[in-house]
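Participant: Residues annotated as domain 'Guanylate kinase-like' in TrEMBL: 16-195. The ATP binding site annotation in TrEMBL covers Ser23, Pro24, Ser25, Gly26, Ala27, Gly28, Lys29, Thr30.
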Amino acid sequence: MADQSTLSRPNLSRRGMLFILSSPSGAGKTTMSHKLLGADEEIKLSVSVTTRPPREGEVDGIDYHFVSDTKFEEMVRNDEFYEWAHVFDHRYGTPKGYIRQGLKEGQDFLFDIDWQGTQQLYQKDQQDAVSVFLLPPSLAALRSRLETRALDSAEVIEGRMRRARDEISHWAEYDYVVINDDVDECFVKVREILHAERMKRTRQTGLIPFVRELME
């Protein structure tokens, strides 16, 4: 066994993860994503490609990659997406690009996607995916949040509420489920999940050389 006074600690490298946040529209996944990105330097946002027009304040290449329907179709044909889905008359997709290489280097990626995208990620890379679903405290509270945002017409809000029921019906397909009744409390729970997943034995690739040297 190695002398503990002279044992050099190997670099405890780890494999990155695909950290997925999903929720019905208005239930807090975007707010939670922003808080997580602001508080944790080890995770970066996976920037999606979308066919929808940019909203006020959104920047191409930072919030989304905004493309035409024709360009999106071309990317689908060329198998350039990790996953893609059709949401509210527009399409969203995650470009493969640097993600797979980043995982090998220990980079965590944050995905703000719906249940369809989550299923596609699991089909392609289940070992690296960790999914969290945020539930509203009630449907009445969810409707109130959508109305308070004042971003959509009454007709659009009704459509979002119908879709919310469909989204919520998939809650059991996620690894973790958190009720977002209080933003700060919800954030603490989500961050605890992220930290715990980083400590998983199977994700800490640097443990093997460390233990080998420890036992020599």
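Placed from the backbone N, Cα and C atoms, the Cβ positions cover glycine too.
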Participant: Rank the binding-site residues Ser23, Ser25, Thr30 by the number of other Cβ atoms within 10 Å of each Cβ, and give the residue at the low end.
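Facilitator: If we count Cβ atoms within 10 Å for the binding-site residues Ser23, Ser25, Thr30, the smallest count is at Thr30.
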Participant: When you measure from the Cβ of Pro24 (ATP binding site), which residues in the chain that are at least 6 apart have a Cβ under 8 Å away?
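Facilitator: Residues satisfying the criterion: Pro136, Leu142, Arg160, Arg163, Ala164, Glu167, Ile168.
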Participant: Average the pLDDT scores across the domain 'Guanylate kinase-like' (16-195) and report the rounded value.
Facilitator: 90
Participant: Within 8 Å of the Cβ centre of Ser23, Pro24, Ser25, Gly26, Ala27, Gly28, Lys29, Thr30, which other residues of the chain have their Cβ, at the recorded ATP site?
Facilitator: Thr31, Leu134, Pro136, Leu142, Asn180
Participant: List every residue in the same chain as Gly26 (ATP binding site), at least 6 positions away in sequence, whose Cβ is under 8 Å from its Cβ.
Facilitator: Pro136, Leu142, Arg145, Leu146, Arg149, Arg160, Ala164
Participant: Which residues in the same chain, at least 6 apart in sequence, have a Cβ under 8 Å from the Cβ of Gly28 (ATP binding site)?
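Facilitator: Spatial neighbours, sequence-distant, of Gly28 (ATP binding site): Leu134, Pro136, Asn180, Val183, Cys186.
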Participant: What same-chain residues, at least 6 away in sequence, bring their CB to under 8 Å of the CB of Ala27 (ATP binding site)?
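Facilitator: Sequence-distant Cβ neighbours: Leu134, Leu135, Pro136, Leu142, Arg145, Ala164, Asn180.
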Participant: Around the C-beta of Lys29 (ATP binding site), how many further C-beta atoms are within 10 angstroms, looking at every protein chain?
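Facilitator: Around Lys29 (ATP binding site), other Cβ atoms within 10 Å: 23.
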